[in-house]
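Q: Shown below is the structure under consideration.
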Amino acid sequence: MAKEIIFSDNARNALARGVAKLTDAVKVTMGPRGRNVLIQKSYGNPIITKDGVSVAREIELQDKLENMGATLVKDVASRTADEAGDGTTTATVLANAIFSEGLRNITAGANPIEVKRGMDKACEEILKHLKASSKVINGKKDIAQVATISANSDTAIGDMIAEAMEKVGQDGVITVEEAKGIVDELDVVEGMQFDRGYLSPYFITNTEKMTAEIENPWILLADSKIASLKDLLPVLEQVQKTSRPLLIIAEDVEGEALSTLVVNKLRGVLNISAVKAPGFGDRRKAMLQDIAVLTAGTVISEETGHTLSGATIQHLGQASRIVIDKDNTVIVNGAGTSEAVQARVDAIKVQMNTTTSEYDKEKLQERLAKLSGGVAVIKVGAASETEMKEKKDRVDDALSATKAAVEEGIVIGGGAALVRAGAKVKLDLSGDQKIGCEIILRAIKAPLKQIATNAGYDAGVVVNAVEGATNENIGFNAATGEYVDMFEAGIIDPFKVGRVALTNATSIASLLLTTEAAIYELPEEKSSMPDMSGMGGMPGMM
């Protein structure tokens, strides 16, 4: 396929048009008075959203060069969402502001490489001042405020996220699901939960709830399949003498072994239940070891020299209670010591810091949460499917922003933190590097300007008022139109969101500004069918 090449200003101007179009669609969602965007889907109903990254992902421009620019900034929004959980609109608005400011200077003759160096130095200096102004998040109230802001000022969502985080801890897992009704709900599962249910319905003890509930059980952990009863008999006999129930967690329990366990359960000889071990392959072995640490048991594995036939009571774990349904198993109050559990948690955190795979990191985070003792499920209720999707997006954003705030602290919100940090930058630069620094210092005012514009206020007046305030915590409350102490008013942002948004925006804008050529595919010319008129009929045809 043939390709076209365009150079210098022509290339950069085309990319800039694409970036501007994407930004125009995304920026209207910014702030407490931001507007909704209606998106047509190829299937189902259109969706209404105020989530910047959802808007960005839907944009596909017809002009290939413009689309290249839009796609690069789309990537900034997605990367910011992935890394910080929020700040996608901020990153998009910043990238556009930096690129458009820089483009004017480069078109006028500035050296793009020197401009980039100045931009990088300014960005580094701003982040230093931003970090210095941040505060450690402290208590349920701060968490609720961060979550409320990210959920577009929905206090109910903010309070629910704060409650969930209080119950499961900072390392706990909080998931978001759709509720069956219109009311929001919070379910907290205490203890370790994994997604494996009972291997036979005959293990059920509570027929009303269809669950197997076992009090004060022994727990046998094995990383192999159990098919023969002969290997199990020695440990079963020892368990029976204690008159306590037994839970078997193994790769699988099948054939003769499973049928005999069921018969013993039905006859009342032994209160027993069996589930498959969670995960697959090496991850299964790791999760079995997690359960062993939590319950003070030992995994029966040939790799460690243990055999099923040689298992004794000393190898079994313990817990105060276990609840099993057809899909999940919950272990409550395992007998493992807090020191052993903490050592395992620390080991998993080290793995999380060294792995480069996002998937592995996610799975390690799940294991961390299970060991830390809690899983909270926020069930989002709404009257329609469209409202449900929009609300679920907001809850996801708020949850991610809250985790970022807990991780790296908070700064004043509403775009004011960047403006205040920029006012403190005093770099001794000259030439085109100075121009690069000034580009960043002008561009970081864009989020505050956009929030003011969306709320119907004069952007220039608002920025001047915030810059001129003597109290460093003063910012603009776009919901009320007042200048307030942002910390006292609860208008706060996670430092991590501002850091990631500015870093990513500067990075992509720098790349676009130093682009000297763009290559794109030319559309294929469709060949028309040959003209068949004037041809005689074939011989012998009627």
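Using N, Cα and C of the backbone, Cβ positions are placed for all residues, glycine too.
According to Swiss-Prot, the protein has these features:
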BINDING   29-32, Lys50, 86-90, Gly414, 477-479, Asp493  ATP binding site
Q: For the binding-site residues Gly31, Gly87, Gly414, which one has its C-beta crowded by the most other C-beta atoms within 10 angstroms?
A: Gly87
Q: If you count the C-beta atoms lying within 10 Å of each candidate's C-beta, which of the binding-site residues Thr29, Lys50, Thr89, Ala478, Asp493 ends up with the smallest number?
A: Lys50
Q: Can you check what DSSP calls Asp493 (ATP binding site), collapsed to helix, strand or coil?
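A: SS state of Asp493 (ATP binding site) = strand.
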